[in-house]
Amino acid sequence: MCGVGKVYLDRTEERMYDGEFGETVQQSMEILVALGDIYGAERMVDISSAQVSGVSYKTIGDAGLEYLEDLRARGAGVKVASTLNPAGMDLQRWREMGFSEEFARRQIRIVEAYSAMDVMNTCTCTPYLIGNVPLRGSHVAWSESSAVSYANSVLGARTNREGGPGALAAAICGKTPEYGYHLQENRRATLRVDVECELSGSDYGALGYITGKIAGEGVPYFTFTGHPSADDLKALGAAMASSGAVALYHVDGVTPEYMEASPDEAGDSITVDAGDILEAREELSTTDDDPDLICLGCPHCSLDEIRRIASFLRKNKPACDLWVCTSAAIGSAASRMGYTDVIEAAGGMVVSDTCMVVAPVEDLGYEVLGVDSAKAANYVPGMCGLDAVYDDWMNLIRP
């Protein structure tokens with residue numbers, strides 16, 4: 001073992017750090033060692049997969065594009081299965097969405113740079129729905145906040161909330177520093193949340209919004225009167241990651257590590273009732289005006305969510321434009337099942353690779369977005385400069 005700063009490296013890691021595997025591996029290992037020093041890691045661990053953010057041209061701009069194309073030119077490549085976060089547009093249907101040629105050209109260059117590094121251009125915030133499904137206890141380096149929450153909490157994998165460059169560096173080296181949620185002692189509950197009312201639909205996002213603001217970077221432990229679905233947990237985790245910085249939570253009797261979470265030792269506890277949920281739902285809306293665009297799929301819709309939307313749209317037409325956001329893989333399955341035809345016959349559009357948060361929706365003339373995602377409601381006013389209306393998707397479609 002060789003010590004570099006506070007982090008000990010094995011012989012292979014030391015060779016990476018010394019440049020024996022090339023400049024880009026060396027640069028990436030330097031990033032990982034620096035992160036390890038900052039956060040007090042003692043060593044590196046192998047990762048089984050990576051999930052890389054910093055994909056939308058809207059968010060990374062020309063500086064990010066140049067950084068990625070420089071890595072590509074220097075022959076960078078990933079060592080583990082790696083998937084991409086959403087881009088700023090549907091890579092196939094961007095013209096139908098109304099985005100400019102210039103934006104599209106630069107967005108495509110970003111995705112091509114990642115593809116050249118062997119990062120799978122899946123462009124989704126739900127990699128666990130399309131095959132990037134780490135085993136319980138395995139170490140990964142994921143960066144999308146809602147995906148990090150799902151991986152840690154629902155799958156029982158181990159990841160910190162990586163920045164885009166850190167996740168890419170981990171993917172290139174196949175390593176990440178062992179600190180934070182990679183360590184068992186940091187995965188115990190710090191806040192007990194007793195939910196005293198029945199929840200459905202966007203109530204889970206409202207609950208996450210409440211909890212994230214209180215928990216901050218802590219680890220909530222929930223007790224429910226009902227049994228949340230996987231899609232409910234997806235919405236809950238995404239909301240907590242946006243209103244706070246929650247990257248791991250436990251649900252009594254549901255999530256894989258709940259028996260090891262030590263909820264009785266949590267330092268704080270809260271109760272949440274129906275009045276709290278109603279107040280949060282009202283707070284998440286910034287206007288009483290009707291939306292001129294409904295955006296569903298933050299995080300990206302599962303196939304079952306699209307099935308239910310299509311079933312509803314057989315008898316109901318949206319009062320305004322409608323986007324149903326998902327991954328290309330789930331979108332393809334929705335097309336095969338006939339769900340896309342139903343949604344688009346009703347006036348909606350199934351869009352892949354992107355979402356309302358990282359797409360330049362503000363350039364399309366919309367003023368009010370209707371969302372059933374607390375994460376989207378939290379981000380849209382700041383990132384898009386638009387008002388948000390928060391409600392169940394059925395209420396948004398049929399006001």
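The backbone N, Cα and C atoms fix where each Cβ goes, glycine too.
Listed in Swiss-Prot:
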type    : residues                                  : note
BINDING : G54, V55, S56, N85, P86, E144, S145, K375 : (R)-5-phosphomevalonate binding site
BINDING : C125, C298, C355                          : [4Fe-4S] cluster binding site
Cβ contacts of S56 ((R)-5-phosphomevalonate binding site) (under 8 Å, same chain, 6 or more positions away): N85, P86, A87, G88, Q107, I110, T354, V358, A359
Cβ-Cβ neighbours of N85 ((R)-5-phosphomevalonate binding site) (radius 10 Å): 25
Cβ-Cβ distance under 8 Å to C355 ([4Fe-4S] cluster binding site), same chain, at least six residues away: P86, C125, C295, G297, C298, H300, C325, A376
For the binding-site residues E144, S145, the one whose C-beta sees the most other C-beta atoms within 10 angstroms: E144
Candidate with the highest Cβ count within 10 Å, taken from the binding-site residues G54, P86: P86
Three-state secondary structure, which DSSP defines for G54 ((R)-5-phosphomevalonate binding site): coil
Listed in sequence order, residues with CB under 8 A of V55 ((R)-5-phosphomevalonate binding site) and six or more positions away: L84, N85, P86, A87, G88, I110, V111, Y114, C123, V358
Where K375 ((R)-5-phosphomevalonate binding site) falls in three-state DSSP terms: helix
Distant-in-sequence Cβ neighbours of K375 ((R)-5-phosphomevalonate binding site), under 8 Å, six or more positions away: S146, G205, A238, A239, A241, S242, C298, P299, V357
